[in-house]
Amino acid sequence: MTSFLTSRFGGLALRNVMNNKNGINSFGLRCFSTNSVSGLRNIGISAHIDSGKTTLTERILYYTGRIKEIHEVRGKDGVGAKMDSMDLEREKGITIQSAATYCKWGENHINIIDTPGHVDFTIEVERALRVLDGAVLVMCGVSGVQSQTITVDRQMRRYNVPRVVFINKLDRTGANPWNVIEQLRKKLNLNAIALQVPIGKESNLEGVIDLVTEKAMIFGEKGTAPIIEEIPSNFVEFVKEKKMELVETIANVDDELGEWMIENDFPNNMPDEKTLTAAIRRTTIARKVVPVMMGSAFKNTGVQPLLDGVIKYLPSPNEKKIIALDTSVKDKETEVELESDPKKPFVGLAFKLEEGRFGQLTYMRVYQGTLKRGDTIKNVNLGKTIKVPRLVKMHASEMEEVSEVGPGEICAMFGVDCYSGNTFTHQNCSYTMTSMHVPEPVMSLSIQPKSKDGQANFSKALSKFQKEDPTFRVKSDQESGQIIISGMGELHLEIYVERMKREYNVETVTGKPLVAYRETIQQRGDYNFTHRKQSGGQGQYAKMIGFAEQSENGMENEFVNDVIGTAIPPTFIEAIKKGFKDCIEKGPLIGHPVVGVKFVVSDGNTHSVDSSELAFRIATAGAFKEAFEDGEPTILEPIMKVEISLPQEFQGTVISGVNRRKGAIVNTTTQGESLTFECEVPLNNMFGYSTELRSMTQGKGEFSMEYLKHTNVSRELYNQLLEEYKKKRTEENK
């Protein structure tokens, strides 16, 4: 098998693979030119859970010669898919961490990141899309657009990632690609257009017809190249109709193809393969259209044409505009466009950290310049310089050592102390990449080691997990002394508790899951507060006048200084600002963070001797409490968007279950004998739902959920939470 890293240089590098004692392969490499970048594709494979992402990646690796055998995600052989390298992934049949690999297709090279589909691990998708140039959005041919599909679409838009769609599982009963395309248009507002037509339905799926080449592809046993044939006679008219739709859709957003049609008597003359392919490529990279391909990864149908589509339609690193910020001038950031040039100063982004067999692995995307083993580079965010000890390319859990990597490449470094999202550059360069979006945790629980012997490893594990995953948070509750971990959901936290046991040999005791409640006000609340303390010697004095009201920036808090003149000097204003930050960390109602509050200081008074920063910080706490109580305070709870799929026969039971949990069904979709409910349910009422749904549907129902919004709790729950907090404080003060 030809290595990606050696072969990508047009055959100039000498292939020299040898098994080292440490289990890492070594590759001798020569330098490369910018021409090699145009043959490179960095793609992510993303989808809703169970749409077949990992199965598709397994086929891609097999057809490109990267692996010798195909293993299924939940295969009877117990091996599991190549990209699911964690024991937990193989046991649960889901992807938990994004996994990187690379392969060769024709004369082109593809870096692939297979991402999780479960919403609890959405940060893995977020950071993958942050560093990729293109993506394959995998859709289930039966279920179509699902909740996590919508989330992934939002993430792709956030990072301006062009994508192609692969409608998978067309061999399953009820599969309909045209329904899925219509959902892409209506639910995701994508200009989706089919490039293929399937031959056969469901279990009779034989292949696909390529609308660009107007050739049929029939797929045999796994590993065999598709047989290219003329279009079957019973498909000719339908193919003609779909090709017309394809050309007209592209022409509507591409002036070049539109002009060709005018000049060449369209539709009497159709664009040739070269003209149409170029137009699809232009509009895909510009994110004006989303090409749709079809097949069944499990049945080995449509995978090779998808690989062709990745090369034909998705951008190379030098075709995507990458912006960095020049921080060389203090307090002034200037946007600069990076170039995929190996001779330019090195710029790379650490997008993922992982505890490997040989220490911490730092995954790096190289945007500009060349990174070599032994180089001294700068961590712009931390202001530290480091020497690169080792460079590797990842193939799932396996590592292959390399001496250098160039622009567009994805690699990993050993033994580098940094955080996810840090930018590394050449020593004389001060560029930094823009940060990635990190969602706020929605659930917490208390955790402690079962025995004191495990304390050291417990602390080490928490520290490592925080570095690896920005959505995994750890804090110490000052009142109870408990360690509280927070994350994106039950499964997210469950996985980390299990990893602590397996990887660090620490048995833990966990408390009941805690919901991420928030506190806020519903109207303006005024304050006129004086803090005065005299106990001999210098006293304390601070007076503050102002108000608190709802913030105009949604859930964000704001501090506004409206003091005219020097009624409160600037040094004390800073103390008030710090005091406000203290107040919003722990609200006065139930001790949860405060959100959506604008705190305004309009006047005040000082004493020439007794006023101090401490006095004003204490006064802020009193002023905030006074305004908060006057502002009709309330508690907000997280509402989850829940999608439940089930056979129609269990409809009544499941609806009753949603109602019991105080949920609201906002949409119902019927597909054959199956139903999908879209609901909005308070997170506090979703605990244990997985077990209940299995019981109600005889194991045939499934659900997914993601955070939607925070909204006011009911009056009943409001009073209950206040009472519980009061009891807790009483117990702690005994």
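Cβ coordinates are placed from backbone N, Cα and C, and glycine is handled just like the others.
What Swiss-Prot records for 47-54, 114-118, 168-171 is GTP binding site.
For 38-318, the entry in Swiss-Prot reads domain 'tr-type G'.
Annotation comment: Swiss-Prot describes 1-32 as transit peptide, evidence class sequence analysis.
Confidence across the domain 'tr-type G' (38-318), taken as the mean pLDDT and rounded to a whole number, stands at 86. Secondary structure from DSSP puts LYS53 (GTP binding site) in a helix.
Non-local contacts of LEU170 (GTP binding site) by the CB criterion (under 8 A, 6+ apart in sequence, same chain) comprise GLY141, PRO177, PRO198, LYS201, GLU202, LEU205, MET294, GLY295, SER296, THR301, GLY302.
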